[in-house]
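Asker: Just passing along the structure, written as structure tokens.
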Amino acid sequence: MNGPIVSIARELGFEGDPILEGLVVSIFIAGAFIGSLSCGSLVDKLGCRRTFQIDTIPLILGAIVSAQAHSLNEILLGRFLVGLGIGVNTVLVPIYISEVAPTKYRGSLGTLSHIGTCLGIIFSLCLGIPAEHDPHWWRTMFYIASMPGFLLALGMQFTVESPRWLCRVGDMKDAQTIIRNLWGDSEVDKAIEEFQSIISNDGTDVNSRWMQLLEEPHSRGCIKVVSFLDVLS
């Protein structure tokens with residue numbers, strides 16, 4: 001939003017109002033906050049693979065609504081929807097990597113995910129350069145921003161489900177097949193036992209409080225997540 005915000009404000013009638021300009025940018029964070037909180041429930045009910053595909057709906061719809069916006073309310077709605085999708089993805093990607101990737105590849109895949117994010121930010125900044133000369137370029141930018149959502153929805157159709165989630169819902173056969181194909185025969189029994197142990201302990205820590213997120217050492221992680229979302233916005 002750094003590049004086209006001036007053009008957007010001028011065309012939609014709030015140019016020179018720093019509060020509204022800031023709101024258009026920061027509403028993304030509000031959507032991401034709600035999306036990140038809802039991710040756990042979605043994964044528990046639908047699994048990682050289906051959650052990824054459903055998550056593309058606000059990503060695609062939000063970008064298209066933003067591209068076609070003709071009022072402040074419409075651009076706010078579009079930005080909020082995109083924030084919802086990004087909030088879910090921010091939580092879901094590391095979960096999926098940790099539950100699907102073999103141990104020796106998890107660090108590399110996590111690094112690759114962050115590299116992809118950084119490249120996406122650089123690409124978006126470069127994409128905003130024509131906005132300095134074309135006052136309507138920002139609409140094209142948002143249309144382009146919807147394309148990764150389509151690619152993600154299509155790509156997840158060819159990926160595997162989390163074996164941990166399959167164990168959780170009782171589909172042991174598919175879980176064993178996925179572990180065998182990805183991790184090797186020697187890891188099947190060990191992984192299934194580990195997953196079952198984790199699942200059996202879910203919900204046992206009933207004394208946990210949301211306010212603990214603001215206490216050390218968890219608060220440092222929360223600050224990093226907020227900073228990361230601020231960069232994405």
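Cβ atoms here come from the backbone N, Cα and C positions, even for glycine.
Since the structure is predicted, the reported quantities are computational estimates derived from the model, not experimental observations.
As annotated in TrEMBL:
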DOMAIN    1-233  domain 'Major facilitator superfamily (MFS) profile'
TRANSMEM  20-40  transmembrane segment
TRANSMEM  76-97  transmembrane segment
TRANSMEM  109-131  transmembrane segment
TRANSMEM  137-156  transmembrane segment
Asker: On the 0 to 100 scale, where does the mean pLDDT of the domain 'Major facilitator superfamily (MFS) profile' (1-233) fall?
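Answerer: Mean pLDDT, the domain 'Major facilitator superfamily (MFS) profile' (1-233): 86.
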Asker: Ranking 20-40, 109-131, 137-156 by Cβ pairs under 8 Å to the transmembrane segment (76-97), which is first?
Answerer: 20-40
Asker: In terms of Cβ proximity under 8 Å, which residues at least six beyond the ends of the transmembrane segment (137-156) contact it?
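Answerer: For the transmembrane segment (137-156), the far contacts come to 3-4, 7-8, 11, 49, 52-53, 55-56, 59-60, 63-64, 66-68, 78, 82, 85, 120, 124, 127-128, 130-131.
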Asker: Sequence-remote contacts (6 or more beyond its ends) of the transmembrane segment (20-40), Cβ cut-off under 8 Å?
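Answerer: Contacts of the transmembrane segment (20-40) (Cβ under 8 Å, skipping residues fewer than 6 from its ends): 1, 5, 8-9, 14, 51, 58, 72, 75-76, 79-92, 95, 225-226, 229-230, 232-233.
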